[in-house]
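The next block holds one structure in the form of structure tokens; read it before the comments.
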Amino acid sequence: MEQGSERQDERPPLPCANGCGFFGSADTRGLCSKCYRQTVMSQASAPSAAAQSAEHDQVVLPAPEGVPVDEGAMPPPPPRHGAKTKSRCAACGRSVGLMGFECRCGAVFCGAHRYSDRHDCGYDYRGAGRDAIARANPVVRPDKVEKL
């Protein structure tokens with residue numbers, strides 16, 4: 001048993017099936033690694049392109065007038081506090097870089113203005129807390145007792 005003389009294949013390497021000049025392998029259907037990767041990517045992108053075109057063809061119909069529309073299904077867009085770029089504080093204009101703090105009102109602030117009492121925050125913390133408590137603890141009412 002000679003371990004050194006035993007090899008996987010004694011056949012000479014075959015050139016790439018696309019003719020790019022590199023050697024192909026039987027595992028990659030006779031293609032080199034670069035050509036194989038390109039064919040796999042093109043095959044993978046073709047179905048996704050068809051799926052995207054199918055998504056764009058769908059038409060959204062408005063709800064009939066007699067049917068009530070659930071307002072909670074589509075949340076309103078968050079109000080902007082004037083922060084057009086995330087790299088500047090909305091209150092003082094200082095460059096915040098990577099340390100910007102995003103408030104619940106949607107603006108980005110520096111370390112000095114990150115708290116709601118330090119900037120003119122339009123977010124209703126009290127109302128949000130009230131809603132969270134109402135959602136977490138629904139009102140439990142007992143059945144009415146019939147009087148005799």
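The backbone N, Cα and C atoms fix where each Cβ goes, and this holds for glycine too.
Going by Swiss-Prot, these are the annotated features:
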{"type": "ZN_FING", "residues": "10-44", "note": "zinc finger"}
{"type": "BINDING", "residues": "Cys16, Cys20, Cys32, Cys35", "note": "Zn(2+) 1 binding site"}
{"type": "REGION", "residues": "64-86", "note": "region 'Disordered'"}
{"type": "ZN_FING", "residues": "83-129", "note": "zinc finger"}
{"type": "BINDING", "residues": "Cys89, Cys92, Cys110, His113", "note": "Zn(2+) 2 binding site"}
{"type": "BINDING", "residues": "Cys103, Cys105, His119, Cys121", "note": "Zn(2+) 3 binding site"}
Distance [Cα-Cα, Å, rounded] between Cys105 (Zn(2+) 3 binding site) and Cys92 (Zn(2+) 2 binding site): 16
Cys89 (Zn(2+) 2 binding site) versus His119 (Zn(2+) 3 binding site) - Cα distance in angstrom: 10
Sparsest Cβ surroundings (other CB atoms within 10 Å) among the binding-site residues Cys89, Cys92, Cys103, Cys121: Cys92
Pairwise Cα distance for Cys92 (Zn(2+) 2 binding site)/Cys16 (Zn(2+) 1 binding site) [Å, integer]: 62
Among Cys16, Cys20, the most crowded of the binding-site residues [Cβ within 10 Å]: Cys16
For Cys32 (Zn(2+) 1 binding site), the number of other Cβ atoms found within 10 Å of its own Cβ: 19
Cβ neighbours within the same chain of Cys110 (Zn(2+) 2 binding site) - under 8 Å, at least six residues apart: Cys89, Ala91, Cys92, Arg94, Val96, Met99, Gly100, Phe101
Whole-number mean of pLDDT values that fall within the zinc finger (10-44): 83
Cys103 (Zn(2+) 3 binding site) and Cys20 (Zn(2+) 1 binding site), distance between Cα atoms, whole Å: 55
Candidate nearest Cys32 (Zn(2+) 1 binding site) in space, where candidates are the binding-site residues Cys103, His113, Cys121 and distance is Cα-Cα: Cys103
